[in-house]
Amino acid sequence: MAPNLRKSHPLLKIINNSLIDLPTPSNISAWWNFGSLLGICLLTQILTGLLLATHYTADTTLAFSSVAHTCRNVQYGWLIRNLHANGASFFFICIYLHIGRGFYYGSYLNKETWNTGVILLLTLMATAFVGYVLPWGQMSFWGATVITNLFSAIPYIGQTLVEWAWGGFSVDNPTLTRFFALHFLLPFMIAGLALIHLTFLHESGSNNPLGILSNCDKIPFHPYFSLKDILGFIIMFLPLTTLALFSPNLLGDPENFTPANPLITPPHIKPEWYFLFAYAILRSIPNKLGGVLALAASVLVLFLTPLLHKSKQRAMTFRPLSQLLFWTLVTNLCILTWVGSQPVEHPFIIIGQLASLTYFTILLLLFPIIGALENKMLNY
């Protein structure tokens, strides 16, 4: 009998073991769809980004008008741009839900998978930041100025580092060209990291909603989960296309319709919605270096979650106290996001400070304490 090419060919074998014959827990819910959704988001962003790059000019005098030209004169240029801009929002929605699922169901105990995932998040954040600068509107310019300036808080080497990043003494043409180069490069790095992420995941196999071993009950990935993923793609593309076609500027800042002007500062400098929680934490500390450290810690704290797991159970499915704490954390993040979009004045300052304190307290103190407490309760 002729060997099955899918199982014998060196390249097809890898695809087969990852997407076709992969043994998958039979009870994984729709929360496990977000990994594949992130993959399709990345593909969409690379495709639309490539098409946009063919019409973009990375020069301070031409960048803004080249984006306007793409929207006005290029066939479906407006649609490509709207899909790319809103696709970034959906990318972040998916990654935040993906992280939330990992946190809730204890998937972070696959340490290598979790750590590469956090590195992926950081790379995605960097990509989105440099990408936001490219249209060279007011918020692009001032966002780049404010965020890159944060590096000057690093003692001794800070100022040199910032000027090195800028390629001069302010955000200017060299900054824009290097940001374009980085924005082109980083998505391919994300794709490479995603493969590493998957390699680590397939070492141990997926977790499941019960947080228990599922070796006794696994089913092939195809056709069950391949079809489930395709359904997920359809469900995600519907709101994405609706947003891109009906209200493409809903999530953007109107300030970015004004070309960059170093002489006029916008009244409220704020990043896109998906960075607002971190921006609120940054602003809640009156000291520059302290704010930068808190900003970095707000994401880097994810590296510590596997070490802070004190419960005997993996998932939160049967841990009501941890569940309560988890949803408090989610609410807290929503409050931080809202505060980040508000001006720096009373009562937003104190709300932001309390929410920032709560964020770190829940993650670093309350979760391990409640985990240990639930262990005690199990013994009674």
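Count begins at 1; order follows the chain as displayed.
Each residue, glycine too, has its Cβ placed from N, Cα and C.
For 34-54 (among others), the entry in Swiss-Prot reads transmembrane segment, with the evidence type similarity to another entry.
The transmembrane segment annotation in Swiss-Prot covers 78-99 (among others), and the record cites similarity to another entry as its basis. Listed by sequence, the residues of this chain that lie at least six past the ends of the transmembrane segment (78-99) yet keep a Cβ under 8 A from its Cβ atoms are 31, 34-35, 37-38, 41-42, 44-45, 48-49, 51-52, 67, 70-72, 117, 120-121, 124, 128, 131, 236, 239-241, 243-245, 248, 251-252, 272-274, 302.
The Cβ of His183 (heme b b562 binding site) has 22 other Cβ atoms within 10 Å, all protein chains considered. In this structure, His183 (heme b b562 binding site) is part of a helix by DSSP. Summarising the annotation, Swiss-Prot assigns heme b b562 binding site to His84, His183 and lists similarity to another entry as the type of evidence.
What Swiss-Prot records for His98, His197 is heme b b566 binding site. Cβ-based neighbour count (10 Å, all protein chains) for His197 (heme b b566 binding site) stands at 21. His197 (heme b b566 binding site) carries a helical DSSP state (H, G or I).
The transmembrane segment annotation in Swiss-Prot covers 114-134 (among others).
The transmembrane segment annotation in Swiss-Prot covers 179-199 (among others), and the record cites similarity to another entry as its basis.
Taken from Swiss-Prot, the feature ubiquinone binding site covers His202. Under the three-state DSSP scheme, His202 (ubiquinone binding site) falls in the helix class.
Sequence annotations record features per position, and here Swiss-Prot assigns transmembrane segment to 227-247 (among others).
As annotated by Swiss-Prot, transmembrane segment applies to 289-309 (among others). Listed as Cβ neighbours of the transmembrane segment (289-309) (distance under 8 Å, sequence separation of 6 or more from its ends, same chain) are residues 99, 103, 106, 108-109, 111, 114-115, 118, 121-122, 125, 150-151, 153-155, 277-279, 281-283, 356, 359-360, 363-364, 367-368, 371.
Same-chain neighbours of the transmembrane segment (321-341): 100, 103-104, 270-271, 273, 275-281, 283, 311, 348, 351-352, 355-356, 358-359, 362-363, 366-367, 370-371, 373-374, counting only residues six or more beyond its ends whose CB sits under 8 Å from a CB of the stretch. The feature transmembrane segment is assigned by Swiss-Prot to 321-341 (among others), with similarity to another entry given as support.
According to Swiss-Prot, the transmembrane segment annotation covers 348-368 (among others), on the basis of similarity to another entry.
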To the nearest whole angstrom, state the Cα distance for the pair His202 (ubiquinone binding site) and His98 (heme b b566 binding site). 17
Round to a whole number and give the Cα-to-Cα distance in Å for the pair His197 (heme b b566 binding site) and His84 (heme b b562 binding site). 24
If one looks at the chain holding His84 (heme b b562 binding site), which residues at least 6 apart in sequence have a CB under 8 angstroms from its CB? Gln45, Thr48, Gly49, Leu52
Same-chain residues at least 6 beyond the ends of the transmembrane segment (34-54) whose Cβ lies under 8 Å from its Cβ atoms: 70, 80-81, 83-84, 87-88, 90-91, 94-95, 97-98, 101, 183-184, 187-188, 190-191, 194, 229, 232-233, 236
Using all protein chains shown, find which of the binding-site residues His98, His202 scores highest when you count other CB atoms within 10 A of its CB. His98
Which residues, given as numbers and ranges, are at least 6 beyond the ends of the transmembrane segment (348-368) yet have a Cβ under 8 Å from it? 280-281, 283-285, 294, 297-298, 301, 304-305, 308-310, 322, 325, 328-329, 332-333, 335-336, 339-340, 342
